C-alpha cells in the first residue's frame, strides 16, 4: 500500500473559527497514521517553510471523532487499515493567537494525502519547495512531487510501505526464532524417552542401563553451560545458538548408527548431543537480554520456553507413530534433519544485538534500549564479584531443586505410564503430551501475569518470588497426590497440574538472570543451569537406582523435599534488582 502526504496552501478567504479549542494539557498525540501526520507537519515547518515559519511552535493531535464545524483529521492506519480520527489545532506564539488547522488524509488510488489549510490574507507568503529524499520514521525514502493548480500549490510525498511481515517487530522475530530453536531442542531430546522402550528390548538393556543412557546426555550438557555463557557474552548469542542447533542436530541423526555399533558409542553420541544443547539456553538468554525491554521480559521468555514444552508435545506425540510405521531409527533421522532448515532462517534474520541489525527502525531501537546506551560486549567475567552475591547463589540452588523434579518427569514419564499405569507405547507417548501442553499454556499465562504486575507497579523482586513459589509448591503438592489416586486418568491429571504449575518458573528464576545482571545473563544462566544439569544427571541416574530398590513413591518424595528447600532459599535470598553491571 502506498502512503504519502500532501501539504497544501489554498486561497481560503477566512480561517475556520468554529469548534472546540483544546488546552495544552488536554492534548495528546495519537498513534498509527496520526503519528505520520505529525512527523510530516514537523518536517515541513522545519525545512520547507524555514524562512518564515519560526513562529509556528507545535501541532497537537487529540483523539476524537469528526463532528460538524470542528477541526478534523482523517487518517488511515497503514497496518490495520482502521480509520483514525483526530482534532488538531495550531498555536502561534508571535501574536499569541490560536488558529485552527484542518488536516485531511484520504486514500486516493493508493495515495494517502494530508492537507494543511491556512488563511491566505495573513500567510500568502508561504511557498512550497521541492523536498529531496525525505525519510520518515519507518526509514522509507519518499519521492516528492510538486504540482500547481489555479494558485493552489501542493507538495506530495509518496512512499511505499513494507508488507506486514516486514513491519513485524524485529525483537519478536528474534523471540520466535529462539522459540523454534527450543522447539527442536526438546523434540530431539525427548524422542529418546520413547525410543528407549523398543531399543531396550532390541538390545536387552535393564533399568540401570536405561538410566545410564538417559543420563549420558547430561554429561555433555553439563560441559557447555558456563562455556556457552562466556562464549555468548563475548562474541554474541547468534553464533553460539546457531552452532548449538547444528551440532545437536547432527548428533541426533547419528544416534541410531551409534546404538547399533555398541553401547559405548551411543553414550558418547548422547553426550555429544548434550554439548550442542548445552549452549542453547545461555546463548538465548544473552540475545534476549539485549533485544527485550524489561516490560516484555517475562512473556518473551515464557514464549521461548514454551517452545521447549511444545517440542516435548510434538516429540512425544509423533515418536510412537514414527516408531510403529518406520521403526525407532526414523525418529532420530526425521527430527534431526529439521535443524538445517532452522539454521538457514537464523543466518538471514537473526542478529546478536539491536545495534548489529541494519534493518531495525530507530523507533523500535529506542523502545528496546529505553533511552539507555548500549554497552560494549563483555571482555572479562568478574567471577569473584558474581560468586560473592547471595542472589546468584539463590539462583543456583533453586535451579538445582527445580530441575531435579523437572528432568525426572521429562525422562521417566513414559516409563511410569508404561510400568505403573499399564499404558502401551502409543498411549504412553500420547498421554505424556498433556502435561507438556499444559506447561506451554501456563508458561505464557504466567508471563503475561508477571509483566502485567510489573507494569502496574509491583516490584520485580515480589513478582519473581510469587511466580517461583507457584513453580515450586504447585508441583510439590500434586506429586504428593500421586500415591493417593486410584485411576490412571487421575494420575495423568496430577502430572498435568504438576507440570502446569511448574511452568510459572519461567517468570520466576528463569527471568531473574536478566534482572540481576543483564550484561552477564549468559554466564549467570550457565552457572545456575550447570547446577540444574547436575540435578538432571544425578536425578535421572538416581531414579533408575531407586526403582531397582524402591518404588515410584520414593522417587516423588525426593522431588517434593527439594521443591520445598528451593522455595525457602528463593524467598529468603533472591532479588529482582540489578546487582551486576
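Just so it is clear, glycine is given a Cβ too, placed from its N, Cα and C backbone atoms.
TrEMBL does not curate its annotations; it predicts them automatically.
Copied from TrEMBL, the annotated features are:
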- 174-578: domain 'Major facilitator superfamily (MFS) profile' (DOMAIN)
- 172-196: transmembrane segment (TRANSMEM)
- 216-233: transmembrane segment (TRANSMEM)
- 240-259: transmembrane segment (TRANSMEM)
- 300-321: transmembrane segment (TRANSMEM)
- 327-347: transmembrane segment (TRANSMEM)
- 392-413: transmembrane segment (TRANSMEM)
- 433-454: transmembrane segment (TRANSMEM)
- 466-483: transmembrane segment (TRANSMEM)
- 520-547: transmembrane segment (TRANSMEM)
- 554-573: transmembrane segment (TRANSMEM)
Grab the same-chain neighbours of the transmembrane segment (433-454) for me: Cβ-Cβ under 8 Å, and only residues 6 or more beyond its ends, written as numbers and ranges.
294-303, 305-306, 309-310, 312-313, 316-317, 409, 413, 460, 462-464, 466-467, 470, 492, 495-504, 506-507, 511
Leading stretch by Cβ pairs under 8 Å, where the reference is the transmembrane segment (300-321) and the options are 172-196, 216-233, 240-259, 392-413, 554-573:
172-196
Does the transmembrane segment (520-547) come close to the transmembrane segment (466-483), meaning at least 3 CB pairs under 8 Å for residues 6 or more apart?
no
Take the C-beta pairs under 8 A between the transmembrane segment (240-259) and each of 172-196, 216-233, 392-413, 520-547, 554-573. Which stretch has the highest count?
172-196
Can you work out the mean pLDDT of the predicted model over the domain 'Major facilitator superfamily (MFS) profile' (174-578)?
88
Near the transmembrane segment (392-413), which residues from the same chain, at least 6 beyond its ends, have a CB less than 8 A from one of its CBs?
189-190, 193, 214, 218, 312, 386, 432, 435, 468, 471-472, 475, 479, 495, 498-499, 502, 505, 509, 512-513, 516, 524, 527-536, 538-540, 543, 555, 558-560, 562-563, 565-566, 569-570, 572-574
